[in-house]
Structures are given as C-alpha cells and as structure tokens.
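These come from TrEMBL:
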BINDING   Leu20, Thr27, Lys156  xanthine binding site
DOMAIN    32-157  domain 'Phosphoribosyltransferase'
BINDING   Ala128, Asn129, Gly130, Gln131, Ala132  5-phospho-alpha-D-ribose 1-diphosphate binding site
Amino acid sequence: MEELISRIKQDGRVLGEDILKVDSFLTHQVDPKLMREIGRTFAQKFAEAGITKVVTIEASGNVPAAYAAEELGVPMIFAKKAKNVTMNEELLTAEVYSFTKKITSTVQISRKFLNETDKVLIVDDFLANGQAALGLIKIIKEAGAEIVGVGIVIEKSFQTGRGLVEETGIPVLSLARIAGFEDGHVIFTEADL
Ligand code: G4P
Ligand code: NA
Ligand code: NA
C-alpha cells in the first residue's frame with residue numbers, strides 16, 4: 001500500500017536493531033484518514049470472502065481492525081490481555097509469549113462472540129514473531145470458526161512470524177513488508193496489497 005509505505009518513510013523511526021516506531025500515526029497517535037484507507041484495502045481484498053467477524057488483540061491492533069470491520073460491515077472483536085470483573089462467562093484463551101517483552105500473557109475472548117458459523121479475518125498492526133497471531137488462530141479454531149486470512153499493517157519480514165502463520169495454511173496479507181533496517185533507514189520488500 002503506497003500511501004502507508006510513504007508514511008513509514010516520512011514518519012517512521014528505527015529503534016535499535018529491529019524496532020520501527022510509528023507512534024505518530026498508528027500505535028499511539030492515530031491518523032484516521034490513513035486508517036480508513038487501510039481498512040478499505042483489507043475490506044476490498046476480502047469483499048467476496050463472506051467475512052462475519054474481524055478479530056485482533058488489544059491495544060494497537062484495535063485501530064486498523066475497527067476500520068476494516070466498519071468497511072466490511074461486520075463486528076470487530078479484540079482479544080483482551082487482562083480479565084475484568086464483567087468477564088464472567090466462558091472464555092477462550094491462549095498463552096502468548098512476547099520475544100520483545102520476554103513475558104507470557106494470557107489473551108482471551110468470550111466464547112459467546114465466536115461460533116462455528118463465523119468466517120474470521122484477523123487484523124493486526126505488526127507481525128513480528130507471530131506469537132500474537134498464532135494465539136488468535138488457536139482461540140478462533142477452538143470456537144470452531146473458520147479463519148480466512150491474516151491482514152497485517154506492517155510485517156517485519158526478517159522475523160519469524162509470517163512463516164509460522166503460513167505453516168498453519170492461513171494466508172498472510174501485509175500492506176507493508178520490511179526486509180530490514182540499514183543505517184536507520186527502512187528497506188522494504190514487495191507488499192501483498
Ligand atoms: P509477535 O506477536 O509477532 O510475536 O510480536 P512481539 O511479541 O515481538 O511484539 C510484542 C508487541 O510489540 C506487540 O504489541 C507488537 O505489535 C509490538 N511490536 C512488535 N514489533 C514492533 C515494532 O517494530 N514496532 C512497534 N511499534 N511495535 C512492535 P503488544 O504489546 O501486543 O500490543 P500493544 O498494546 O503495544 O498494541
Ligand atoms: Na503495539
Ligand atoms: Na498489535
């Protein structure tokens with residue numbers, strides 16, 4: 001997605017070896033116009049797929065996922081990282097290990113929001129080591145729902161996530177794919193959408 005790639009070139013900041021900071025338009029401050037285009041791009045790709053739900057993980061996955069869901073005209077569900085007092089119904093859970101944060105967290109979705117008639121599009125802001133996506137895949141399969149694809153805003157292609165997700169047989173469609181970083185610059189590889 002050209003518009004996203006130019007924005008990363010303009011406003012993205014490389015931190016250390018392997019982190020891209022995009023907090024001015026995606027992960028902290030949000031550019032709604034760009035997000036609408038992102039939502040549209042995913043929705044156009046999956047327009048004929050019969051998607052019934054978009055699923056993501058809080059926090060910053062919520063933004064692109066909500067715009068995609070709005071365009072598709074379906075609900076968006078975000079897996080929660082903490083259990084709150086109102087979550088007193090049956091939960092679907094997965095353990096997600098973060099290589100970045102070096103912690104395992106439990107993510108959960110109420111079973112009542114997913115069932116075997118659902119066709120799900122997973123959307124997330126970043127694909128790094130793929131542990132978040134694999135956790136979502138496990139939860140959605142446990143509900144008996146079908147996963148049509150994984151839509152990613154920024155894929156770090158030099159990490160293991162894409163390969164791990166593709167091994168499950170689910171296609172990954174990324175709007176920007178990063179081959180690596182060189183002297184603080186982002187090197188892109190051809191995007192899927
Ligand atoms: P993985 O799910 O692909 O294994 O990702 P990993 O554990 O490595 O990433 C942990 C968190 O860091 C995730 O957010 C992920 O979206 C985010 N992340 C990974 N790589 C980058 C990057 O290069 N830049 C930025 N800005 N974020 C990155 P999170 O902690 O689950 O959620 P949130 O609450 O921050 O949204
Ligand atoms: Na994030
Ligand atoms: Na995320």
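Any Cβ shown, glycine's included, is placed from N, Cα and C.
Automatic, uncurated: that is what TrEMBL annotation is.
Feature annotations (TrEMBL) mapped to structure.
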residue	record	DSSP class
Leu20	xanthine binding site	strand
Thr27	xanthine binding site	coil
Ala128	5-phospho-alpha-D-ribose 1-diphosphate binding site	coil
Lys156	xanthine binding site	strand
Fewest-neighbour residue among binding-site residues, criterion Cβ within 10 Å, set Asn129, Gln131:
Asn129
Ten-angstrom check, please: count other Cβ atoms within 10 Å of the Cβ of Thr27 (xanthine binding site), all chains counted.
18
Measuring CA to CA, name the entry from the binding-site residues Leu20, Thr27, Lys156 that ends up nearest Gln131 (5-phospho-alpha-D-ribose 1-diphosphate binding site).
Lys156
Inside 8 A of the center formed by the CB atoms of Leu20, Thr27, Lys156, which other residues of the chain have their CB, for the recorded xanthine site?
Gly12, Ile19, Lys21, Val22, Asp125, Phe126, Ala128, Ile154, Ile178
Give me the non-local Cβ neighbours of Lys156 (xanthine binding site): same chain, 6+ apart in sequence, Cβ-Cβ under 8 Å, ordered along the sequence.
Asp18, Leu20, Phe126, Leu127, Ala128, Ile178
How many Å lie between the Cα of Gly130 (5-phospho-alpha-D-ribose 1-diphosphate binding site) and the Cα of Thr27 (xanthine binding site)?
18
How many other Cβ atoms sit within 10 Å of the Cβ of Gly130 (5-phospho-alpha-D-ribose 1-diphosphate binding site)?
25
Alpha-carbon distance [Thr27 (xanthine binding site); Asn129 (5-phospho-alpha-D-ribose 1-diphosphate binding site)] in Å:
18
Would you mind ranking the binding-site residues Leu20, Ala128, Ala132 by how many other Cβ atoms sit within 10 Å of each Cβ and giving me the lowest?
Leu20
State, in Å as a whole number, the widest CA to CA span among the xanthine-binding residues Leu20, Thr27, Lys156 given in the record.
15
Taking the centroid of the Cβ atoms of Ala128, Asn129, Gly130, Gln131, Ala132 as the 5-phospho-alpha-D-ribose 1-diphosphate site, which other residues of that chain lie with their Cβ within 8 Å of it, listed in sequence order?
Val96, Ser98, Phe99, Leu127, Ala133, Leu134, Gln159, Thr160, Gly161, Leu164
